[in-house]
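Beneath this line is the structure, given in structure tokens, with notes to follow.
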Amino acid sequence: MAIQWFPGHMNRAKKALQELSEEIDIVIELLDARAPFSSCNPLIQNIIRFKRKIRILNKSDLADPEISKVWLDYFSQQENTTAILGDKDNKKQRDKIIRLCKELAPARGTSFEKPLRVMITGIPNVGKSTLINQLVGKKAAKTGDVPAVTKANQRLYVSDTFVIFDTPGMMWQKIRYPQIGYNLAICNSIGRNALDEELVALYLVEFLQQSIYRDSFAARYKLKPEQLELHYDKLLDVLANKRGCIMSGGVIDRQKISEIVIQDFRDGKIGKISLETPELWDKWISEFVEEEEQSTAEEEMHTRPEYEYNEEEQKTTRPNRTSAKKK
Ligand SMILES: Nc1nc2c(ncn2[C@@H]2O[C@H](COP(=O)(O)OP(=O)(O)OP(=O)(O)O)[C@@H](O)[C@H]2O)c(=O)[nH]1
Ligand SMILES: [Mg+2]
């Protein structure tokens, strides 16, 4: 299943983001610490390519701290980028980010005429408005735990000479790797109308079974070792029984158990979990490229005219374009 979600307002938001970026000194891009690669929107990267950036791996309170360190290292090596962790409950975060912005644009924010202009951007529901409220010191931007709460750019003030812009969460039209769609769905950055919770839960269950988090997964649902070895499809039924997700007539309510497992993950009840590492991505990308090459080769076999399979016939009936051109 390929997950795609690009509601109409995001097209307008993209244009507005493009215009706004031209008058911006610093971009703060929020990534989800549980899935930093998946939450790195290529459309945003195109817009902010030449800007000074602070990349915040947000919701780090929910991610695996060891893997977050690896990602910090990964992003710190990118051009024009300072990478830090973000956590809405970290009391020191506000001062740290304001200090960083001032350091990165020392010539700005010195007077009314030269305000420091910072734009906050990122995928839906990653915590942009929450961070803005923290930076301006009051609840000025609307927040909520569903994607696409903010629908238009909003200008707010940290001080008279420090302007900050909240922007709508942005997705992109075509998600190339299926893992990105699933990871963003698990982290609640995709609208409910664009996904099938059961498929997302199956992906998550399989991931947890095979990951370094299998013990905390087993502990959360009191799974016996042999249950942990079941095929993920069967395991979802086991989880449903354990959580009493049974409809009348004894039918298993797979929708309900899917929603429970996904919500447990989002609430951090299965543990501090990172869904991806740079190493995993290397593996996924090479598998994807291999599959793509194979299916292109198969497609070509189907569409190639028959005479091309016949080497002998090919020699006699195929026009020699090079020599024809020379004449
Ligand atoms: N655990 C955790 N939750 C966070 C953090 N930051 C934000 N949230 C929660 O994430 C949800 C989304 O926050 P918002 O600030 O509305 O996200 P947004 O990026 O502005 O979302 P859109 O406007 O829809 O694009 C809210 O329920 C926040 O409380 C964080 O650091 N840790
Ligand atoms: Mg918002």
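Cβ coordinates are placed from backbone N, Cα and C, and glycine is handled just like the others.
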Residue from G109, G137, G169 that TrEMBL also lists as binding GTP with N58, K59, S60, D61, N125, V126, G127, K128, S129, T130: G169
Please classify the secondary structure at S129 (GTP binding site) using three-state DSSP. helix
Count up the helix, strand and coil residues in the domain 'G' (117-172) according to DSSP, in that order. 9 helix, 17 strand, 30 coil
May I ask which of the binding-site residues N58, N125, S129 have a CB within less than 6 Å of any atom of ligand 2, listed in sequence order? S129
Fewest other C-beta atoms within 10 angstroms of its own C-beta: which of the binding-site residues G127, G169 fits that? G127
